[in-house]
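Heads up: the structure comes next, in structure tokens.
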Amino acid sequence: DLWNLLPENNVLSPVLSPPMDDLLLSSEDVENWFDKGPDEALQMSAAPAPKAPTPAASTLAAPTPAISWPLSSSVPSQNTYPGVYGFRLGFIHSGTAKSVTCTYSPSLNKLFCQLAKTCPVQLWVDSTPPPGTRVRAMAIYKKSQHMTEVVRRCPHHERCSDSDGLAPPQHLIRVEGNLRAEYLDDRNTFRHSVVVPYEPPEVGSESTTIHYNYMCNSSCMGGMNRRPILTIITLEDSSGNLLGRNSFEVRVCACPGRDRRTEEENFRKRGEPCPEPPPGSTKRALPTGTNSSPQPKKKPLDGEYFTLKIRGRA
């Protein structure tokens with residue numbers, strides 16, 4: 001009766017499972033063990049180690065080095081060239097108040113402006129250029145040791161979500177309120193520029209105004225890094241031939257009025273010759289210096305006596 005209570009598949013079986021049977025040595029294996037040396041016997045009994053699959057990470061390329069922007073192969077000219085059409089620039093009169101967002105110094109030929117604020121630039125011509133004429137704006141570094149570097153925004157401002165849908169994030173100069181603006185990257189020089197069609201002045205006006213924005217501070221690390229820049233404005237025909245050129249220095253800062261006053265005072269103290277202001281500018285140049293020196297105050301002389309006469313007294 002107890003035998004019948006056991007399960008049909010006996011737990012104890014004289015037949016070993018196939019995996020265990022493979023681990024046991026047969027009589028032939030034992031004979032070969034003694035016939036061969038111990039080193040060969042160990043090689044026979046040891047199962048070959050399975051080859052580990054090659055990890056996918058090993059096929060990845062080495063990390064790329066930090067990006068270094070290429071140097072430009074050429075430096076645009078910054079010399080003033082009115083051309084046959086008398087091309088020149090002008091700026092709206094603005095003072096040095098603390099609240100001003102954009103101000104131009106004729107004595108320095110320098111524009112001081114805040115980040116991303118409107119900077120009106122007037123275009124003056126003596127005669128109307130041909131149809132298809134374009135106006136190009138490009139920034140370059142002023143000092144000779146930096147001229148071959150391309151002016152671009154700092155990495156922080158490149159990542160800012162302030163795009164107007166037209167300008168690439170690395171471009172410093174933008175045109176405000178003009179959907180026909182084209183932002184170009186030169187394949188040969190790697191320089192950035194923005195081009196707009198030239199529009200003749202409206203009725204009753206003598207100049208055309210383009211509103212520019214500067215999208216990075218002059219002090220930004222990784223960008224201009226306190227290096228002075230120039231903005232070159234060129235007048236070109238439809239084929240890209242030069243019709244006129246003018247330029248001015250730009251400083252993008254938090255307080256344009258204060259910085260303009262400071263630089264003009266330093267300029268007068270140095271006594272440097274005053275550059276000619278643009279013919280279209282409505283702001284007069286500041287005097288470069290004066291020969292008169294402040295008169296010292298006269299000190300009262302001790303030991304003098306004065307007589308005071310009073311009328312109406314007995």
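Cβ coordinates come from backbone N, Cα and C, glycine included.
Annotation source Swiss-Prot lists phosphoserine at S13 (among others).
Positions annotated as phosphoserine by Swiss-Prot: S17 (among others).
What Swiss-Prot lists as phosphoserine is S26 (among others).
Here Swiss-Prot flags 80-270 as DNA-binding region.
The annotation N6-lactoyllysine is assigned in Swiss-Prot to K98 (among others) on the grounds of similarity to another entry. Non-local neighbourhood of K98 (N6-lactoyllysine): C255, G257, R258, each in the same chain, at least six residues away, with C-beta under 8 Å from its C-beta.
What Swiss-Prot records for K98 (among others) is N6-acetyllysine, and it gives similarity to another entry as the kind of evidence.
The site 'Interaction with DNA' annotation in Swiss-Prot covers K98.
The secondary structure of S161 (phosphoserine), as reduced to three states from DSSP, is coil rather than helix or strand. Look at Swiss-Prot and you will find S161 (among others) tagged as phosphoserine, backed by similarity to another entry.
Cβ neighbours within 10 Å of S247 (phosphoserine), excluding its own Cβ and spanning all shown chains: 21. According to DSSP, S247 (phosphoserine) is assigned to a strand segment. The phosphoserine annotation in Swiss-Prot covers S247 (among others), and the record cites similarity to another entry as its basis.
The annotation region 'Interaction with DNA' is assigned in Swiss-Prot to 251-258 on the grounds of similarity to another entry. Per-residue pLDDT, averaged over the region 'Interaction with DNA' (251-258), rounds to 98.
If you look up Swiss-Prot, you'll see 261-306 marked as region 'Disordered'.
A simple way to gauge crowding: the CB of T262 (phosphothreonine) has 12 other CB atoms within 10 angstroms, across all the protein chains here. Look at T262 (phosphothreonine): DSSP puts it in a helix. Annotated phosphothreonine per Swiss-Prot: T262, in sequence order.
Within 10 Å of the Cβ of K269 (ubiquitin cross-link) there are 9 other Cβ atoms, across all protein chains. Sequence annotations record features per position, and here Swiss-Prot assigns ubiquitin cross-link to K269 based on similarity to another entry.
The N6-acetyllysine annotation in Swiss-Prot covers K283 (among others) and rests on similarity to another entry.
Here Swiss-Prot flags 283-299 as motif 'Bipartite nuclear localization signal'.
According to Swiss-Prot, the phosphoserine annotation covers S293 (among others).
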>> Under a three-state reading of DSSP, tell me whether K269 (ubiquitin cross-link) is helix, strand or coil.
In response: helix
> How many neighbouring Cβ atoms, not counting its own, are there within 10 Å of the Cβ of R311 (omega-N-methylarginine)?
Replying inline: 4
>> Let's check the environment of S161 (phosphoserine): how many other CB atoms sit within 10 Å of its CB?
In response: 5
> Out of S161, S247, K269, the recorded positions in the record, which is closest to R311 (omega-N-methylarginine) when you go by Cα distance?
Replying inline: K269
> Using C-alpha atoms, which one of the recorded positions S161, T262, K269 comes nearest to S247 (phosphoserine)?
Replying inline: T262
